[in-house]
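Undergrad: Let me give you the structure first, and then I'll get to my questions.
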2 protein chains.
Amino acid sequence: MFTLLGSDPHSLARRGRLVTPHGTIETPVFMPVGTQGSVKTVHPAELKALEAQIILGNTYHLAVRPGMEVMREAGGLHKFANWDGPILTDSGGFQVFSLGKIRKIKEDGVHFQNHVDGSPMVLGPESAMEIQATLGSDIAMLFDECPPHPCTFEYASTSLDLTLRWAKRCREWIDKNQPQTNGQPQLHFGIVQGSSFAELRARSAKELVAMGFDGYAVGGVSVGEPEPEMMAAVENSIPFLPHDKPRYAMGLGTPPQMLEMIARGIDMFDCVLPTRLARHSTLFTKNGTVNIKNQTFARDFGPLDEDTHPLCHGFTRAYVRHLIKAGEILGLRLISLHNLHFYLSLMSRARKALEEGYFNEFRKEFTANYKTHTSTPDSTSTPTPSPS
Amino acid sequence: MFTLLGSDPHSLARRGRLVTPHGTIETPVFMPVGTQGSVKTVHPAELKALEAQIILGNTYHLAVRPGMEVMREAGGLHKFANWDGPILTDSGGFQVFSLGKIRKIKEDGVHFQNHVDGSPMVLGPESAMEIQATLGSDIAMLFDECPPHPCTFEYASTSLDLTLRWAKRCREWIDKNQPQTNGQPQLHFGIVQGSSFAELRARSAKELVAMGFDGYAVGGVSVGEPEPEMMAAVENSIPFLPHDKPRYAMGLGTPPQMLEMIARGIDMFDCVLPTRLARHSTLFTKNGTVNIKNQTFARDFGPLDEDTHPLCHGFTRAYVRHLIKAGEILGLRLISLHNLHFYLSLMSRARKALEEGYFNEFRKEFTANYKTHTSTPDSTSTPTPSPS
């Protein structure tokens, strides 16, 4: 399913190809997030134009609303959302912990009240896998507990034990039910946990690999920890993951973080930053982020950035600023498209750099430029990313 | 500039062609409203895909924000809004009366505080024409007073006198300044006022025609008056307008109202209903309007309507309902596109019916179907249209 096409001589970076039931994905890849069955503000035809290879859907959100009866009758998430490309669904675990109310973690799963109408729900390893099978995603994630940051070694260890018991039950459910999508087997990724403890990360990775999955994610990152801990979590997991399977860092990150993660052996990313920062009127540029509401841009008749997507061609910073100030949705749309293009084209440039052997230079140059903020006095810095 | 291509033997309906500096418009035509320099939620490329022939911009809104310095530096509204087709701008008069605060009507114009930051502004016949020349619209509207509904004969008559004095001053400004756009003369339309008084409508039309403009609008309609009065305002104006000039009913209307107006000799329409009702989750269908939030649609996996635009193909009512319930902007986008398509395709069907001689049947059949509301118990009825 996953083919390693090449690797960087100066780092752990890899160039790969992952075949899924709904299509082939070239890695490293960025996956736009469609939490509620829609990448915020974006039409599926625009996602194709942006050359998005795969999008995310959120099990928790979709199970709460519209609910699984609708999803089942719709024939799965691809048909429902009018997207025929690959989809990855998370297990819902993360959202249960971040959005669910009065939650209780039991051996069978998590009991909670959903954030929309307060209805009591239970999500556990079997139900999370069953829901994802119904959604028909190409890649389903195992159900795990994502420990908070910071947490004690004892909490992290006990939590990891539970996550591993759940992983075993997911494995059994998959083996028994053999879920398919588009007539081919659904792929399943295990999630390495263990918080900031190296020995727990190692144990987590080894035990998951022993169970055997189609890919492995590093979870429990981007939960408020400092960046060195985030990097360490990946560094402590990667050595125990097989070379012939894709690796996914969940919920990350800023553009330089993604390049650093690629250098540490990560192949796949998802992050809400491109669309979330758009809602804060913030554009990604090669020099860092800028807030389009800034007075500086009132008469800036240049493009959103030197490199922007054709869908944003012909629109000036002054116009987009006007749209945002006037509350016009087209402004939000254009910034969302631009930011997604920024992330997606960063990945395609990284792939090309890997193919042509200059990834190390590319990463250094990009990061050096990106850290240099624009001279705009009140341009926003990038906030810490967090999952949607 | 305007060519009459044919007329209906059973009514006053006409099929025409209006050449403007930025392109040719086939009439009858519906003009999507881009109040603040953007047709709400819609990308200019989507307007092209919808086959919109001309869009509206609002002088008052654009003069308040981003302001005329920005518009001047941008090189006009076409460049600013990234739209290279024809644009009609209103004079700002209507918005001054509906949105301006502490307004005073004087001989030189209207003194008011704008609704965005309360700054004092004056808009009069010369400044309204000058602003529209700077915006570079293809069709500029004269500056008028739009009397409220209801109003006395005396008020309407005195108001009309002022509007006609302002029209004369507009005429003089145009003759002196000869404004151009895209290298060709800007077109100017007079606005027939007179409230619900037939003799004032007649006087208004005759005096405007004597001054000579490129087209004539019926104004002071869709201001809260009952539908028969709206029709009467048009019926009392049309006989005094020349056959060889286009006629525009301002701020109208529902789909059946537009067909009735076409039958009374109107060629051009603008209305915020398609995008405004989209914000109220309401879809236009051949049977009338329906609210997509209705529980009936939760598992309706059919299209938005039998006839919808290709940009809406593949999206079910159940999905769009989910998007709206979940607050996802794509839902608002899809309904806006569908509704604009409904209005624009109604006009293209009317043009075809006029060309092929069955307009009377088309109008009767459409209106009969449209009045029959769907069986959906709580489908919304169409609210009275009002300008943005």
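Glycine too: its Cβ is placed from the backbone N, Cα and C atoms.
Just so you know, TrEMBL annotations never went through curation; they're auto-generated.
TrEMBL lists these features:
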type     : residues                                                                  : note
ACT_SITE : B:Asp90                                                                   : active site, proton acceptor
ACT_SITE : B:Asp270                                                                  : active site, nucleophile
BINDING  : B:Asp90, B:Ser91, B:Gly92, B:Gly93, B:Phe94, B:Asp144, B:Gln193, B:Gly220 : substrate binding site
DOMAIN   : B:12-371                                                                  : domain 'tRNA-guanine(15) transglycosylase-like'
REGION   : B:275-279                                                                 : region 'RNA binding'
Undergrad: Within 10 Å of the Cβ of B:Gln193 (substrate binding site), how many other Cβ atoms are there?
TA: 31
Undergrad: Whole-number Å only: compute the distance from the Cα of B:Ser91 (substrate binding site) to the Cα of the residue listed as 'active site, nucleophile'.
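TA: Checking the Cα atoms of B:Ser91 (substrate binding site) and the residue listed as 'active site, nucleophile' gives a distance of 14 Å.
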Undergrad: Can you list the residues of the same chain, besides B:Asp90, B:Ser91, B:Gly92, B:Gly93, B:Phe94, B:Asp144, B:Gln193, B:Gly220, whose Cβ falls within 8 Å of the substrate site's Cβ centroid?
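TA: Residues close to the substrate site, other than B:Asp90, B:Ser91, B:Gly92, B:Gly93, B:Phe94, B:Asp144, B:Gln193, B:Gly220: B:Phe97, B:Met141, B:Leu142, B:Phe143, B:Glu145, B:Cys146, B:Ile191, B:Gly219, B:Met250.
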Undergrad: With every protein chain in view, how many other Cβ atoms are within 10 Å of the Cβ of B:Gly92 (substrate binding site)?
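TA: The answer is 28.
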Undergrad: Around the Cβ of the residue listed as 'active site, proton acceptor', how many other Cβ atoms lie within 10 Å? Please give the count over every shown protein chain.
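TA: Other Cβ atoms found within 10 Å: 32.
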Undergrad: Could you measure between B:Phe94 (substrate binding site) and B:Asp270 (active site, nucleophile) for me? Cα positions, answer in whole angstrom.
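TA: Spelling it out, the Cα of B:Phe94 (substrate binding site) and the Cα of B:Asp270 (active site, nucleophile) are 14 Å apart.
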Undergrad: Return the count of C-beta atoms lying within 10 angstroms of the C-beta of B:Gly93 (substrate binding site), excluding that atom itself.
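TA: B:Gly93 (substrate binding site) is surrounded by 27 other Cβ atoms within 10 Å.
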Undergrad: Go through the chain and flag residues at least 6 beyond the ends of the region 'RNA binding' (B:275-279) whose CB is under 8 A from any CB in it; none is fine as an answer.
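TA: Residues 32-33, 39-42, 289, 332, 335-336, 338-340, 382-383, 388.
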Undergrad: Pick out which of the recorded positions B:Asp144, B:Asp270 has the most other Cβ atoms within 10 Å of its own Cβ.
TA: B:Asp144
Undergrad: Considering only the binding-site residues B:Gly92, B:Asp144, B:Gln193, which residue has the minimal Cα-Cα separation from the residue listed as 'active site, nucleophile'?
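TA: Closest recorded candidate to the residue listed as 'active site, nucleophile' by Cα: B:Gly92.
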Undergrad: Where does B:Asp270 (active site, nucleophile) sit by DSSP, helix, strand or coil?
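TA: In three-state terms, B:Asp270 (active site, nucleophile) counts as strand.
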Undergrad: Using C-alpha atoms only, work out the spacing between the residue listed as 'active site, proton acceptor' and B:Gly220 (substrate binding site) and round it to an integer in Å.
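TA: It is 13 Å, counting Cα to Cα.
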Undergrad: What residue among the binding-site residues B:Ser91, B:Phe94, B:Gly220 has the most other CB atoms lying within 10 A of its CB?
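TA: The residue with the densest Cβ neighbourhood is B:Gly220.
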Undergrad: Let me make sure I understand the span of the substrate site: among B:Asp90, B:Ser91, B:Gly92, B:Gly93, B:Phe94, B:Asp144, B:Gln193, B:Gly220, what is the greatest distance between any two Cα atoms, in Å?
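TA: About 15 Å separates the two most distant Cα atoms.
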